[in-house]
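Record features (TrEMBL):
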type     : residues  : note
DOMAIN   : B:23-268  : domain 'ABC transporter'
TRANSMEM : B:376-398 : transmembrane segment
TRANSMEM : B:404-426 : transmembrane segment
TRANSMEM : B:447-480 : transmembrane segment
TRANSMEM : B:486-510 : transmembrane segment
TRANSMEM : B:517-541 : transmembrane segment
TRANSMEM : B:605-626 : transmembrane segment
REGION   : B:656-682 : region 'Disordered'
COMPBIAS : B:669-682 : compositional bias 'Polar residues'
Amino acid sequence: MAHETEKTSNSAAGHSMMEIEASKPSGHGVVAGGLSPLSETLWREKASLEIVGDVSARLTWKDLTVTVTLSKGETQKVLEGLTGYAEPGTFTALMGPSGSGKSTLLDALSSRLAANAFLSGTILLNGRKRKLSFGTAAYVTQDDNLIGTLTVRETISYSARLRLPDKMSWSKKRALIESTIIEMGLQDCADTVIGNWHLRGISGGEKRRVSIALEILTRPRLLFLDEPTSGLDSASAFFVTQTLRALARDGRTVIASIHQPSSEVFELFDQLYLLSSGKTVYFGQASDAYEFFAQAGFPCPALRNPSDHFLRCVNSDFDKVKATLKGSMKLGFEASDDPLEKITTAEAIRVLIDSFRTSQYSYAAREKVEEISKVKGTVLDSGGSQASFLMQTFTLSKRSFINMSRDFGYYWLRLVIYIVVTVCIGTIYLNVGTGYNSILARGSCASFVFGFVTFMSIGGFPSFVEDMKVFQRERLNGHYGVTAFVISNTLSAMPFLILITFLAGTVCYYMVRLHPGFKHYLFFVLCLYASVTVVESLMMAIASIVPNFLMGIITGAGIQGIFMLVSGYFRLPNDIPKPVWRYPMSYISFHFWALQGQYQNDLSGLVFDNQSPDLPKIPGEYILENVFQIDTARSKWIDLSVILSMIVVYRIIFFIMIKFSEDVTPWIRGYMARRRMQQKNGNQNTTVSPNGLTQSPSLRTYATGRR
Amino acid sequence: MEIEGASGGHIGGGEGSGRGAYLVWEDLSAVLPNFSKGSPTRRLLNGLSGYAEPGRIMAIMGPSGSGKSTLLDTLAGRLSRNVVMTGNILFNGKKKRLAYGAVAYVTQEDVLLGTLTVRETITYSAHLRLPSSFTKEEVKNIVEGTIMEMGLLECADRSIGNWHLRGISGGEKKRVSIALEILTRPCILFLDEPTSGLDSASAFFVTQTLRSIARDGRTVVSSVHQPSSEVFALFDDLFLLSGGETVYFGEAKTAIEFFAEAGVPCPSRRNPSDHFLRCINSDFDIVTATLKGSQRIRDVPTSSDPLMNLATAEIKARLVEKYKRSKYADKTRARMQAILAIEGHVIEMKSGSQASWWKQLSTLLRRSSLNMSRDVGYYWLRIIIYILVSICVGTIYFDVGNGYTAIFARAACGAFITGFMTFMSIGGFPSFIEEMKVFYRERLNGYYGVSVFIISNFLSSFPFLAVVTLTSGTITYYLVKFRTEFSHYVFFCLNIFACISVIESLMMVVASLVPNFLMGIITGAGIMGILMMTSGFFRLLPDLPKPFWRYPVSYLSYGSWGIQGAYKNDFLGLEFDPMIPGDQKLTGDFVIQHMFGIPIDHSKWWDLAAIVAILVSYRVLFFVILKFKENALPLFQTLYAKRTLQKLDKRPSFRKVPSISSKRHQPLHSLSSQEGLNSPLQ
């Protein structure tokens with residue numbers, strides 16, 4: 001640690017120029033850029049080099065312009081001719097009123113632009129034109145999608161196991177985890193759970209720091225953050241920003257968009273990039289911005305937060321506010337010496353942009369960009385996760401199992417409901433017997449159990465939607481593959497589903513006293529288990545396509561309703577209209593197979609009383625064939641295996657759905673946008689993509705609905 | 001003239017203004033009792049004194065958990081009853097407890113119906129509360145005046161927006177909420193964090209509007225959380241709280257002097273309000289401690305910041321002490337005495353609404369129908385689903401006929417319609433919960449009574465339910481070809497209609513009981529499952545176990561009546577093929593009595609009547625629950641509070657316990673739990 005701190009202070013003291021000198025690969029294996037010994041090891045593993053050279057990230061962008069195609073083929077310039085740079089050891093803040101293009105710039109730099117946005121200009125990382133692969137740059141999104149039931153330490157260590165190489169020893173990993181916790185100041189809440197809707201957990205500021213901790217675990221050299229302080233109170237915002245500054249001082253390059261920082265937070269920025277409607281208002285040292293505004297004729301009044309003042313000057317919404325106020329209210333503004341009261345904000349923005357273009361700050365920035373671009377630094381490259389597929393699957397299964405066992409709403413609540421419902425069924429059909437009426441009763445009992453009881457699986461939907469959010473974040477950051485997720489989810493749910501169905505099934509079976517014999521009982525619970533798992537898989541496939549929770553429940557209920565209708569109970573199999581409903585619907589419905597199997601399981605071998613005692617008794621086989629119209633030639637075990645294979649099919653559908661929305665949808669959207677743009681432009685077909693940067697990594701629109 | 005006087009001089013500010021309301025509070029304390037396991041009783045406010053004058057806007061500021069909201073609730077008379085309050089609150093020199101609706105209170109969240117436009121929202125609110133004697137023209141003038149005053153002219157015809165409808169911005173929403181409250185021209189306006197969650201321009205706009213309302217001769221008291229520099233500059237008076245104690249009370253401008261005198265001057269490049277909060281927010285101590293722990297503190301800019309070297313708790317204690325002996329405190333006391341000496345007008349305590357019952361009902365009815373017709377999720381989506389499902393059902397049972405298996409098919413079809421299709425009503429649950437939220441807010445402000453709400457809700461949903469019934473009823477009835485007679489079709493539709501209405505009412509009862517949407521769906525589905533099981537289809541009525549399931553559950557279930565009615569409607573008078581060809585044909589009579597075990601001693605119309613009776617009783621139950629929540633719960637809380645007072649009497653040391661020390665040892669987030677605890681909406 002002492003080594004590390006020494007390095008840190010070194011790099012903190014040295015300023016930008018120094019950095020570049022120091023960063024030239026030094027022959028005898030000393031790591032530059034203030035890497036801690038741990039990070040050093042990690043980088044060595046990654047790069048499979050004995051000597052790690054300079055691994056710091058220098059990012060420059062020149063004449064960056066982003067154009068967005070709107071739905072009607074119109075294009076809009078979101079960013080216009082931006083030039084700037086970000087260096088190791090500095091914390092750059094992107095500021096601007098809402099809609100000024102902060103997030104777009106951040107997305108452009110981290111190559112996460114939406115598919116319908118087109119980019120021109122040059123973005124260089126260490127003097128090389130290349131796409132940022134996941135892992136080199138970490139991106140912390142605005143919302144913290146974390147698993148609420150895990151503690152902070154667990155969250156971080158599972159993430160470590162998912163992404164760090166298998167070769168790395170556990171003690172090393174552990175040391176890395178602990179150092180990350182300390183670095184992010186999370187040691188006080190390390191063993192507190194994160195918290196969800198029914199569990200009180202850590203505060204918002206702590207959650208944000210956990211999100212950052214997860215991203216810096218692999219020691220990326222470049223860190224992007226989208227509004228890390230919004231929604232936090234002043235103390236937490238200060239803490240988060242302070243941590244970011246510390247991360248930067250450690251030799252990293254930190255770029256964050258920040259919305260309305262308080263005075264304390266603003267003082268922590270190194271570089272400031274002030275945007276207004278896509279244009280640069282100021283770029284340079286944060287502390288010099290004060291001077292710049294004064295020179296441009298908009299001095300910041302005393303006792304005012306400079307950042308409030310800057311935003312006030314460049315926020316054109318204030319024009320609207322003033323116009324409305326003047327129009328609607330009897331009171332005039334109190335006279336003040338504020339120059340902004342005399343001219344409109346639009347005017348002020350124009351003046352500022354012009355005076356920046358000709359200012360020394362702009363020149364300095366351009367020179368610096370040129371200078372940095374010339375230096376060809378290390379190629380920073382790494383895939384998302386270094387862990388093997390098996391390790392990922394194992395870790396994910398374990399994590400998801402722990403989450404399921406702690407989340408009350410995931411399975412425990414359903415266990416309670418299942419038992420309550422089956423006790424109700426059990427008492428209603430209590431000791432059903434072999435009377436004439438019990439023929440129908442047994443049929444309806446089976447139909448109720450397989451129809452409505454499985455229906456209750458919908459209760460786990462919200463927890464599953466939460467899971468999907470975490471998955472999408474992690475997937476976007478390349479933590480693991482879709483296959484690992486699907487397999488682990490199946491595995492971890494299995495014990496709970498077995499527990500639930502066996503308990504509920506046993507209650508029901510022995511209260512109603514269905515067909516005696518252990519084998520028959522076993523078939524019943526297995527069939528119930530398979531059906532519940534099918535419903536789960538079905539709901540998962542639905543969850544991956546529907547836009548929201550309510551639509552998911554309605555769709556799920558609708559599909560199950562139709563399945564139930566064609567299952568052979570509400571309408572006898574032979575009476576179901578042949579086109580559509582009989583073929584193929586009833587064969588797709590898992591209820592159909594479950595009922596076919598269960599009727600055979602329950603009735604065959606039993607003998608029932610007839611309507612009046614003097615008539616002969618009715619054998620079960622007769623009922624199966626003539627009353628319920630069951631195909632007795634097929635064994636009930638085949639019915640069960642059909643249901644089991646449905647599980648696999650639905651999981652595959654789920655897998656395909658995710659893959660589809662990951663790869664194909666963004667591609668289509670990008671294609672459509674390009675075509676619209678070409679149609680609009682007609683002959684003057686501009687090359688939309690002057691360099692390789694425009695093609696988007698496939699995932700970016702997947703999880704982010706925002707711009 | 002009046003504006004001049006109010007904004008100009010501090011003393012003698014508004015003596016001339018006739019309708020102003022002077023608010024004075026003396027030695028105000030509030031305690032949250034806690035009997036469980038000897039955990040300490042929490043002190044929320046500690047001996048606060050102050051005043052608010054017409055024509056001025058006051059900001060109550062403090063870190064989270066400092067008691068801002070509690071103070072606001074106390075002053076507005078909205079303190080939850082389990083909090084014990086001592087001290088005096090005087091309006092124009094008279095001690096009076098404020099009833100709901102006497103003063104305007106704008107809550108933090110904007111509970112509005114998303115489908116209405118801004119103008120509609122304000123107009124309906126005006127019709128609900130302004131006296132019925134006002135002509136349409138007068139009401140219109142007031143509404144337009146308010147829209148103008150709040151600067152909402154531009155967005156007046158835009159809808160507010162909900163989950164599927166993009167609407168007005170957050171700042172505009174907040175201004176609509178304020179507009180609703182100032183419709184009745186209240187003397188005092190309280191606001192709970194009106195600028196939270198708004199961007200700087202909107203926050204500025206909202207505060208500017210508040211200022212102009214104040215300049216109109218009204219008293220505006222607002223809690224504010226982290227105002228930006230521009231917003232802070234708009235406030236006249238400042239009440240700075242920390243841990244329930246006064247850090248500063250007086251003019252906002254002189255606060256900077258006070259802090260400088262106390263040895264913590266505000267740096268020039270800093271927003272004063274940021275500085276004040278930085279000085280008294282003890283969370284910063286924790287932050288500093290943690291940062292020190294993770295050896296990053298060297299990096300903290302030590303520059304000119306004296307705060308980094310001093311614990312905020314220390315600074316806060318110093319400020320509190322300093323203030324007590326400062327000239328600002330003297331000035332406040334003098335001003336309070338002066339105000340108390342004024343024989344002000346007694347504020348007429350009008351209740352929330354002055355409109356007549358009929359007027360309220362018709363307004364609410366119109367508003368509710370408009371909302372239902374515009375909200376896609378409320379009924380339209382469900383109508384589409386109903387049509388789809390009934391087409392599915394209709395084709396599956398297409399032309400069911402009179403064969404032997406048709407007996408069971410007809411029964412299953414009837415059961416599926418009354419059972420599963422009514423189940424779909426769950427889809428309207430989210431919209432309904434939205435409406436309930438609006439109801440709770442408006443009820444709290446005394447807009448209208450519970451009965452008006454229930455009746456209007458029922459009546460306005462009537463046409464939609466009728467459409468649902470007619471479309472799905474007609475489709476299934478004629479596809480399945482149940483019977484040929486028209487009267488049977490009428491009964492079929494009436495039966496479905498009654499069942500769906502019952503389910504709607506049941507879901508409302510559930511919605512008023514459960515804490516959230518998910519629990520509502522689970523509870524609703526569970527109850528429906530049980531009702532379905534006992535309805536006589538899955539298990540024949542005579543076979544149901546007698547205790548509990550047969551008596552009383554099956555009699556309370558609308559399903560069993562619905563199925564009995566449907567069977568009688570369907571089977572009586574028909575003949576079916578026997579099981580073995582050649583046997584005697586089975587009559588409908590026989591089928592119902594012997595195969596389904598349903599007695600035919602009463603007609604199907606009695607079954608329908610039973611469903612209607614169940615429907616009425618659910619509505620009554622809904623009414624009772626809402627009334628109970630309103631009246632009985634506060635009663636319990638009052639009892640609870642009384643017990644605390646007795647306990648406190650036994651403990652003489654109560655007033656001497658300093659609250660600062662205890663607060664610091666609490667975990668970080670328990671502070672935030674205190675926020676909003678006393679707001680009755682929680």
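Including glycine, each Cβ sits where the backbone N, Cα and C put it.
Nobody curates TrEMBL annotations by hand; they come from automatic prediction.
The model shown is predicted, which means the values in this text are computed figures rather than measured ones.
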Same-chain residues near the transmembrane segment (B:447-480), Cβ under 8 Å, at least 6 residues beyond its ends: 101, 125, 128-129, 352-353, 357, 360-361, 364-365, 368-369, 372-373, 378-379, 382-383, 386-387, 389-391, 393-395, 397-400, 410, 413, 417, 421, 435, 439, 489, 492-493, 496-497, 500-501, 504-505, 508, 619, 622-623, 626-627, 630
When counting Cβ pairs under 8 Å to the transmembrane segment (B:486-510), the leader among B:376-398, B:517-541, B:605-626: B:605-626
Within-chain partners of the transmembrane segment (B:605-626) [C-beta distance under 8 Å, separation at least 6 from its ends]: 450-451, 453-454, 458, 491, 494-495, 498-499, 501-502, 505-506, 508-509, 512-513, 556, 558, 561-562, 564-565, 568
Within-chain partners of the transmembrane segment (B:517-541) [C-beta distance under 8 Å, separation at least 6 from its ends]: 411-412, 414-415, 418-419, 422-423, 426, 429-430, 433, 503, 506-507, 510-511, 549-550, 553-554, 557-560, 562-564, 596-598
Long-range environment of the transmembrane segment (B:376-398) - Cβ separation under 8 angstroms, sequence gap at least 6: 163-164, 409-410, 413, 416-417, 420-421, 424-425, 427-428, 430-432, 461, 464, 467-468, 471-473, 475-476, 478-480
Per-residue pLDDT averaged over the domain 'ABC transporter' (B:23-268), given as an integer: 86
